């Protein structure tokens, strides 16, 4: 089916998320929609899928103008979408999720479970998915959940499949499988719209590439373009793709985590006997697929939860058992993974957010009252230092863009003398400019001699930033590799394969993306050389 | 990191016994221990010996008669308490070995302690304790709780918190009384009751879905509104001509042939009004349809992950609206209990907080129709226990006895619930 978008415009108040966007997707084509976070890709697809009404423009299917009142209409017209945040009910089974909305029924409105199961089995077998129709979604790994989403779309006879940042949660090996599935779908005549900001993938998969910047189509590109070309088209200026950092000069090991174990109220071992150390002046990255205990590990180090066993020592002082305030005062800086929920109080002003942790000590506090002049002066200074773009320091933090919010969090956490800096998903959802800034500040902190821990699910970030990498899987540490290791080895370790085995497997078979890495290394392009 | 970490076989689990384990929760065994010891001392050891307690079981209409049972009070209470103590020890051992104990343990434990209590309460009294009557009354008093809890779960499964159950019961009771009085038909009252509940539900829908007001606040305000409106109409219209507007006929008791003559079970389950039979049907239907039908799947999807439901073309707010109004109608029907089923005239605030106990029953029943029924029966039992003991006469002050149902509610919800998972999106409005 041919899909065409003509002059789609979508405004949210003063913000123009999509500005007269034109896009044509030919039948059986993999069309990549490339753009940074916040460029308006997802908005466009939500318009196409009937979740948003466009302010202007029209959607054409096989040259027929169509109006979708809701996702139901879009689906009926043959459009399927795999959302970035899966639209699956965690407490339902695979079959129930696939059936939802077009359930096969027996008499009396009761669901024909056998038919629902059979449908899942059929599609799953056709593409070699190996998905159990009776498994509960919440018990499935993210890769399998994504396959359920694809089954869901295919079970509704989707002829155009939209994949919104599908590789964000996958290991390189899983990404490889996904690429295989996409090619298979293409063979069978399905058109695919592939939304991403990852240049490597675009080049590996797409037939055609449309680049979007700030809500506008800025051009088409062919998959043979270099990453550098794509990057400058996407960002609008030339960018350095790697992280600009010198070699680490590690000092003594001041952070020691020993046998840390966290069990959640449901009895699940979220962190399982984790031990590692961090030296002064080095960045340790904790890599892993989302939900393998990284969140719990950082929370327990900060004192938000208590471990059932183990210790965290900072310069010989035990941190376990101390309150969050004591841990912060001991010199730990912490950037939580969700800045809007845990990092900031959205309704508070930028100035207030900058002193959340120090509001009760001089100079910001004078006995029982706060010294507002000092708070304001501090904010003026920090916003300049950290390049926070805000109309005023009195603006509510929630009104800033994601990148500026993250800079506020960084400014707060880095403006104390630190003995340990922990950043969880420091650049998730940020635009390229902000990512560069955040990375630069983290490297700067390392160069000051602070031990730094980065928790990231983004392999590019891990490979670019880390001096050492440990990989977590199901709450355990699978193994440790030096910074800049082989992407495929890391990917396999993220799926629980031990180091030695991962190296053997990776050497035997390289994934599309990992292979691209190696090629780049041999071709010595500038951005890879500084790893 | 220390060097050995890299080359240890990370993917294979080490010796399980060496791993640190989660701290054991001693809440349950401690609770059992305290209650069994209290039971042993208060009901068994302290009272004088040589007295007897009597229980009657049969009613006159049964197939065959069972003679009243008379037992020596002290030794029976001690025996029952010792069984309870044994269960407490068993629970301790199982907890220590990190094994889970089935729901049978709290059930048997509860029966033992309650029986020990009854034996003690009736010791040396002339009037026997009518066991069948106790159960019959429990079911009777549980009716509004069951309907209320079903209402709550219908709404919450779809994502709308219904705190207005109390008001819906009251509105149902009011309209049932008025309609039944005017038409001189209890059945007409029974039909009117759900309409009153649905009207209150419509207001809940209007404010919580259309105007996105906090659902709990709307619910509380609706409760106050219904109290105000019904009290006003009661003082003005109903009092002026009580014979015409507020003298509802009582729903007749219908004996199911054969079944009603089975001893114990018959009188308790099958010698009831049509409202109770409707209740059985509603519980069974909801249990099947919530978990197995298309309607139920969509209802739960909307309460768990509304956006996911939206992306497959399910109208989230329309689904929530329907189930909230349906749930409110169910609560309204339960309100008919207070007037036409109980055969009483409408009185100001006559629901007396039953709507809130129903919410507790819903939670204790884990948002499950059958679970809600069981929880409501437990609360109904504790309510009726206080009534029956009031008649038999006990050494306990009546004010303390009146507290029983509420104390049981608090203990049940706090202690027995354990880890429950409410619908993930309950109380969160869905706005695109």
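Cβ coordinates are placed from backbone N, Cα and C, and glycine is handled just like the others.
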Stretch carrying transmembrane segment according to TrEMBL (options B:238-255, B:256-273, B:274-291): B:274-291
Annotated range (TrEMBL: transmembrane segment) out of B:11-28, B:29-46: B:29-46
Transmembrane segment range according to TrEMBL, out of B:49-69, B:133-153: B:133-153
Of B:77-94, B:133-153, B:216-234, whichever stretch has the most CB pairs under 8 A to the transmembrane segment (B:160-180): B:216-234
Stretch of maximal Cβ-Cβ contact with the transmembrane segment (B:274-291) [cut-off: under 8 Å; candidates B:101-121, B:133-153, B:216-234, B:356-379]: B:133-153
Winner by Cβ pairs under 8 Å against the transmembrane segment (B:325-344), considering only B:77-94, B:101-121, B:133-153, B:216-234, B:356-379: B:133-153
Residue numbers, six or more beyond the limits of the transmembrane segment (B:216-234), whose CB comes under 8 Å of its CB atoms: 161-164, 166-168, 170-171, 174, 200, 203-204, 207-208, 246, 346-349, 355, 427
Leading stretch by Cβ pairs under 8 Å, where the reference is the transmembrane segment (B:77-94) and the options are B:101-121, B:133-153, B:356-379: B:101-121
